[in-house]
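*Asks:* I grabbed these lines from TrEMBL:
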DOMAIN    155-340  domain 'AAA+ ATPase'
BINDING   Gly163, Gly164, Ala165, Gly166, Val167, Gly168, Lys169, Thr170  ATP binding site
Amino acid sequence: MPPNPSAAPSSPPPQTVAGHILEVHGPVVDIECERLPPIHWCLRSHLDHETYTFEVHQHLDEHHVRSITLHSTAGLRRGMPVYDGGGFLRVPTSRECLGRLVNVFGEPLDGKAPIVTSEYRNVVQEPPPLSEMIGAKEILRTGLKVIDLLCPFVKGGKTGLFGGAGVGKTVLMMEFMHAIAAIYHGVSVFAGVGERIREGHELWHSMQEAGVMEQTLMVFGQMNESPGVRYRVGLTALSYAEYLRDTLQKEVLFLMDNLFRFVQAGSEVSGLLGRMPAMVGYQPTLLTEVAELEDRIVSTQRGNITAVQAVYVPADDMTDPAVMAILSHLDTVVILSRTQAAKGFYPAVDPLLSTSRMMDRTFLGERHYRVAVEVRKVLARYKELEDIINLLGMEELSEEDRKIVLRARKLQRYLTQPFFTTATHTGIAGQSVPLEEVLDDCEAFLRGDFDGLTEEQCYMRGSMKEEKKSS
């Protein structure tokens, strides 16, 4: 592993010839060197004012290395000189990085000036020592009713956001960024791993319109980039998050879209290096690669990194090896349901399938735990009765079941919420609801205090303060 980032030189040393290109196979470049560079060392080559960066991944023999290029290989040819890159892959860090959009090298993609600094941080490095880590036992409030009530985030923990296209995953991530800035005065780092160029462009502009870009750093490794870039861009973003946590001592929200694309890029790199595939065609180092990323997302005495990671589920198979490898690291699992989204229930969180390790009396307290269990019980009973209602109608239900169904439908609509980040598009002001008000409202729903309200009166709103006064 590379040394501590603080030990990295403040400026690159003079370039010296390290060898020459022997073979080019797509993104794989074999290089003949006089002296073998360390694994993950960067080598460079130049052509027509363009710089090509190669990351060493294998030692083939005493004088040959196999590397993965972090650029397109168009224009490379055998015999071209290769220069010592002066160290491991690293990025410039400074206070000015907030509000910027950069690539895997920390170079600007937003058309602004480069980040000028004498501080650099290695992209690949070890997690902090165990003696510096602190346990994650505190709940991170988001102001989103369904999240805070039924699947609370762990401050300094890891959350997986499982959902397909069109269920509001990106908007939900933007709302988390707004919450961390408004409630905790923290900052956000967004890693676009394998992002479609159109999606990344829209997200960047949406965040500027929503006013959250000033406290956000975005790092993109787009879908058209080489697998080496997509494999490293998540670690680049994480290095920036560690800098904000350790040096600026900020409360950091780390968002990655999509973690599955990181696994896919690792699978591509593994295949290019000639490794034998393992489970379902994935790389044999799958568990190690996921752990190297996840183990760096920790809280220390200087600050917290709270991660929210979007995860694509292939063929909706939760037993897929990549999904299972990711699940083992998560504290909270949020399932975004296409059924909820089709009904217009946003955030489209499935309240019955989403879970959190914080759902325990020890962490939540007696009242929160009791209310959450009762709400889930009512929603679960409604789900059981849905088939009967669709076939025979409400008239066939008992009086008690009819009450449960009506309250459950109102609770479903109450758990929807207008977002701050979409207010310019919907014309509805965003709402952030404190947990105490959510608990008060849910208890009132369960008691039947709001039985006289229509379902529309409970939909897309904040708390129920006004209704309580009138009742």
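Placement of Cβ uses the backbone N, Cα and C atoms for every residue, glycine included.
Whatever TrEMBL says is automated annotation, not expert-curated.
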*Asks:* State which of the following binding-site residues has the fewest other Cβ atoms within 10 Å around its Cβ: Gly163, Gly166.
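*Replies:* Lowest Cβ count within 10 Å among the binding-site residues (Gly163, Gly166) is Gly166.
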*Asks:* Please state whether DSSP places Ala165 (ATP binding site) in a helix, a strand or coil.
*Replies:* coil
*Asks:* What is the average pLDDT across the domain 'AAA+ ATPase' (155-340)?
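*Replies:* Computed over the domain 'AAA+ ATPase' (155-340), the mean pLDDT is 90 on the 0 to 100 scale.
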*Asks:* What is the total of other Cβ atoms whose distance to the Cβ of Val167 (ATP binding site) is within 10 Å?
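*Replies:* Excluding its own Cβ, Val167 (ATP binding site) sees 23 Cβ atoms within 10 Å.
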*Asks:* Which of the listed binding-site residues (Ala165, Thr170) has the least company, meaning the fewest other Cβ atoms within 10 Å of its Cβ?
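*Replies:* Ranked by other Cβ atoms within 10 Å, the binding-site residues Ala165, Thr170 bottom out at Ala165.
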*Asks:* Have a look around Gly164 (ATP binding site) and count the other CB atoms within 10 A of its CB, chains all included.
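*Replies:* For Gly164 (ATP binding site), the 10 Å Cβ neighbour count is 13.
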*Asks:* Can you name the residues of this chain that are 6 or more positions from Lys169 (ATP binding site) yet have a C-beta less than 8 Å from its C-beta?
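*Replies:* In sequence order, the residues whose Cβ lies under 8 Å from that of Lys169 (ATP binding site) (at least 6 apart) are Leu161, Gly163, Asp257, Ala310, Leu336.
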*Asks:* How would DSSP class Thr170 (ATP binding site) in three states?
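*Replies:* The residue in question, Thr170 (ATP binding site), is helix (DSSP, three-state).
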*Asks:* Which chain neighbours of the ATP site, leaving out Gly163, Gly164, Ala165, Gly166, Val167, Gly168, Lys169, Thr170, have a Cβ atom within 8 Å of the mean position of the site's Cβ atoms?
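*Replies:* Here the non-site neighbours turn out to be Leu336, Ala341, Ala348.
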*Asks:* Identify, in sequence order, the residues in the chain of Gly168 (ATP binding site) that are 6 or more apart from it along the sequence and have a CB within less than 8 Å of its CB; answer 'none' if there are none.
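*Replies:* The answer is Leu336, Ala341, Tyr346, Pro347, Ala348.
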